[in-house]
Every structure is written in C-alpha cells, then in structure tokens.
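**Q** Let me begin by handing over the structure; questions about it come next.
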Amino acid sequence: MRRIGLALVVLLAPLAASAQTLVAADLRENQSLDGAWHWSVDPYRDGVAGFHGGPPSESTARYQDRIQADEAAKRPTALFEFDMQRSAITHLPGSWIGHAPEMRYYQGLVWYQRTFDYTPTGPGKRVYLRFGSADYAASVFLNGKPVGKHVGAFTPFAFDVTDRLRPGSNQITVGVDSARTDSDVPPPVTDWETYGGITRSVRLVTVPETFVDDAFVRLDKDGRIAVSAQLLGPQAANATIRLAIPALGSALEGRTDGEGKWSASLPAPRGLKRWSPENPTLYDVQITAGADHFADRVGFRTIEVQGDRILLNGKSIFLRGISMHEEELGKDPVRAMSPAAARALFAEIKQGLHGNFVRLAHYPHDEGTTRLADEMGLLVWSEVPVYWRVAWGNPETLATARRMIAENIRRDRNRAAIVLWSVANETPVSDARNAFLRTLIGDVRALDDSRLVTAALLSARKGKEMRIDDPLVNDLDVMAINTYNGWYSDDPLAELPSFTWASPVTKPLIFSEFGADALYGYHDGAAAPHKFSEEYQAEYYRRTLEMAAKVPFVRGLSPWILKDFRSPRRQHPVYQQGWNRKGLISETGQRKLAFGVLAEEYRRRAERTGER
Ligand code: GCB
C-alpha cells in the first residue's frame, strides 16, 4: 500500500465509489471545472493523518466543508493551520511545478480546492465528476465527503456524485500525491519529468440515469462494422439499443443482455470511406438507448500483419514516425497539453517531417491528443508506463498495470488513428517479466482484437551483429527495438550502416527509438564532430537511417524524439541543463539540422509509395 494510501483508503473505504471511464465523455453535456483553483502544499501529509496516526485533526484536514475565516470568526478558539480559501490561486489543468518557483522540484502531496455553482438538472439524471488524469494518486472530496480515489497518472477516472451535489455553491477538494514507490507504474526512476498535479481537464458530466458507459465501434477483421456497448443504470438489462451512422445510412437495433451488454455487426456499406493518414475520414456515430444519446466521431480502417509486413486497409505501409512526450512547446512546460499545443507538435510531424506516425511515449497522452491524431491523420502507437525497473513479482504492481492498460484501451479504442498498443519499454528479460507482460498482452487482446500489440524491446550485440533475442517476440504482432549505437556506444558513426540485424521470427520490426542529443545552436564544423553538436546528431541520423534501410523487415521508425524534453537525469551544465536534448526541435521549437535529414528521408519514402 502506498504511503498516503493507507490512511486515506481507510477513511474512504465505506464511501468510495468505483471509478468509471465514461467513454467519449468529452463529447457529452458537461460543466468544465478548469480554471482558478486554490492550492496548498502538504509535504508531511498532515491533511491525511494526525501526527500519531489516525484521522487528521480539524486543524489540518483540508477537505472540510466550511469557510475557515467564517468559522474562525464564530469560534475565537478554533485552530486552523491551513486556509484553503485564502491559499494561492493557480490555473488548472497544469502541473504544480509551474505554480511557484519553490514547487519546481517538489514531489509529494498538494491540495486543490475550488467552489462551483450547480443547478440540478432534474430527476432521471446522474452527474459524474470526471478527471482527465491526476499525477500520481488523487483523493477526491465533495462538500467535505470523500467520493473516491484513483492511482495512476495518465488515465481518466470519474465518480458518481449525483447524491453529493447540492443546489448552489459546492466545494471540491482534491489531494494529489506525486510520490511513487518501487511498486508503482512507472517506478520512481524514469527519463522524464514527473509533472505532479491535475494535468488534464476536470468536468461534471451529466448523463441519463441509464446510459452508455462504454461503446466500441470499429471495422472488424471480416470487413463488418461491429459494435460492443455497455449500458449502466437501473434500465440497463434487456433494453432496446440502436446504433446509427447517418452519413452511411447505417442503422442497427438490438437488445442488451441481462448485464446491459450488446454486441452486433453489419456489413460495411459500399460508400464507406476508410480512414487513412491521407484521408482521415471520421463519421458521426450515435448510440441511442432509453433517454441516452451517445455520440462519438469514428474512423473505420483495418490494420493487420502479414508475414513481415504491416497492412493498413489491406495495403502495405511504412510507418514514417517520431516519438513524442506529453510536453508542450515553451521554456517552462507544465504538461498543459491543450488541443492547440498538440496541434503545433503534430503539424511538425505531418507537414514538417512528412510523417504519418507518432509514438506517444511513454504513457497514455491526453484524450484530446488522440482525437486530434484521428482528425489530422497520424497513426498512433499508444503505451503504458511499464518502464525499466518494474516490480515484476509484485501482484499489486501487476494489478495497477492491468487497470491502466484497461483504462487506456477503453478510453481510446474508438480512435482509428491508434494502430499499436504497446505493453512495455526496455524491460530486461526474466521469467517474472515475461509472465507479467504476457498477462498484459492477454488483456489487450481481450479488450481489443482490432489492433496490433507491440513492446519496445532491448537487443543483444556481438560485434556489429545485432540480435533480437527476447522470447516475447513470439507473443507480439510487431517487434520494436530501441537502439542507440553511436550514441551510448563509441562506435564511429561511419560504421553504423554496416551493422546487421537478425530476427528469430518473421514479423515486422519498428525501430521504436534511436537518437542523439544535440544542443540547438551548438555547431561543430570538424570532420568528426563532437557529441551534443547539431552536426553529430545529423550525421548520426544519416548513418542510422542508412542502416535501417538495409533491414528488409523494418516497417517503421519512431526515432527519439520530436522535441527536447525535461529530464531530471540530464544535468550536463553546458549541453543539457535538465533537458534530454535528443529532440529534432528545441524546447521552444527551433529545428536542428537532423530535422531536415529525417524530413528528407520521409519525403522520399512517401514519394516512392505515392502516399502524398
Ligand atoms: C530510451 C528510453 C527513453 C529515453 C531514451 C534516452 O531508451 O526508452 O525513455 O529517454 O532512451 O534518451 O536515453
């Protein structure tokens, strides 16, 4: 059990509601709670437990439903050692590392509070309080009462608060704790910044009492449009339910089973325009059940593997990609990835690099980002932060990873752009790790049989022979390898093209990472340029691309990385200053020389395959 967990879970146990994902909640009727919130730092977690354990005292429990100043005026002897209503104000979503200079390296508990007005929508409705995500563990209180808790930084969660809301002013308090232990996912050491706090939108979402909680609509392997829906609520069982795609003239009607589930399919109409990066056609999809009208925008395409090729809509495709963290452009990012911020980065990939693919590393990104990929026509690799030193033998860790992967897939499986679910990144082979990852792979396949499963693996090396000798390749559809010869090794760059790759199976391979740091503006005109210069990075790209072009089963590339990103591990005072400099653009968006090298490679590839 995590540190803040214990006291809080005990406190919440009788009242905690289980969290719902609420698929396509961003398109439902909602009241945004983004904007101004008070915040208060609580490094010793006094708001969670008293100093001898047990519940916190009145003087420290931040979530009490009262105005401290009024209370203090009424009771001269009342003691409060906090005052949320007079604490500093910030704008959410966005990590606390930008709230104040002293918060820059803070990892721990922070409390947030705001009030909002609520007008009851009448009977027959339910209201959910939904967070896009909170990093890492969040405990939510409404009008002084606990409503639930969520662990994991990158997936949404929603609590039914219908009975907790009151007409007029309501008070919401959230304790967010960013500290992670070795049994968390990801564990404490990563190569990116922990953006503690509420980094995605908070909304009140109103639905009818019985509503479509989950709906998965896709083109299945047999070329049929398939739907699987789940109703929730008192009328969920044996209910009439309809699917309509008006622009295609398609409609289906059926009945849910005793558990509120409905699955059906219909032949894809002739007029269906398949989704692709060149023609990212999306259709309005509606599901009606009782009083509920569920809406989503869905693209239809197939993705499959044949031998060592990847087929999109039955046609072989090469993934011209790049990796990306969830970090907006600018000198002081706070992981506030608005649609505009995501669009600016995607434009660099689509128009700048002539790319058709993005690896959204190393965790689920904002749902607005994956929606944008659907709209702009960028194929997506989506992953969970099962990264480096995971506690493979710990059943709680496995449970966390399984929940994360399920939350991610449920949230996003209507996004045609997503073609690959990845279960892990750079995890050394062991029996415990293999078993852990096989469980995740099984979960992915059970939740979504319309996409490909991959994982970024390590490779073995003997001289210039590179081998993929990870038993997990047998379980994956697509192999992926991160390779850094010439950066983390001192191989001369001129030798990289003569490296060879051998695979134990006939499957497509993606080089899911390769890269070299370069400080924008640092030039080295020497014949053998130094590491960290733009020239070294450009030459590294030329030579690595040459090598990749010689491997016949390479079907995609997502080099590391589009933009320089914050990483506390990277402290070279001249070149890094807390940033991983492997970006093709700097943190403020200036293109380095290597950007042009990759853009030219992708332009030529796209021209050759007639994809532009
Ligand atoms: C990797 C990791 C990535 C790092 C990168 C690097 O292999 O997957 O998270 O940031 O290397 O820059 O070393």
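Using the three backbone atoms N, Cα and C, a Cβ is placed for every residue, glycine included.
According to TrEMBL, the feature domain 'Glycosyl hydrolases family 2 sugar binding' maps to 86-208. If you look up TrEMBL, you'll see 211-301 marked as domain 'Glycoside hydrolase family 2 immunoglobulin-like beta-sandwich'. Marked as domain 'Glycoside hydrolase family 2 catalytic' by TrEMBL: 303-543. Residues or ranges marked as signal peptide by TrEMBL: 1-19.
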**Q** For the domain 'Glycosyl hydrolases family 2 sugar binding' (86-208), DSSP counts of helix, strand and coil?
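**A** Residue counts for the domain 'Glycosyl hydrolases family 2 sugar binding' (86-208) by secondary structure: 7 helix, 57 strand, 59 coil.
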**Q** Which whole-number mean pLDDT does the model give the domain 'Glycoside hydrolase family 2 immunoglobulin-like beta-sandwich' (211-301)?
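**A** Here the mean pLDDT over the domain 'Glycoside hydrolase family 2 immunoglobulin-like beta-sandwich' (211-301) amounts to 97.
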**Q** According to DSSP, how is the domain 'Glycoside hydrolase family 2 immunoglobulin-like beta-sandwich' (211-301) divided among helix, strand and coil residues?
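**A** Counting residues per DSSP class in the domain 'Glycoside hydrolase family 2 immunoglobulin-like beta-sandwich' (211-301), I get 3 helix, 51 strand, 37 coil.
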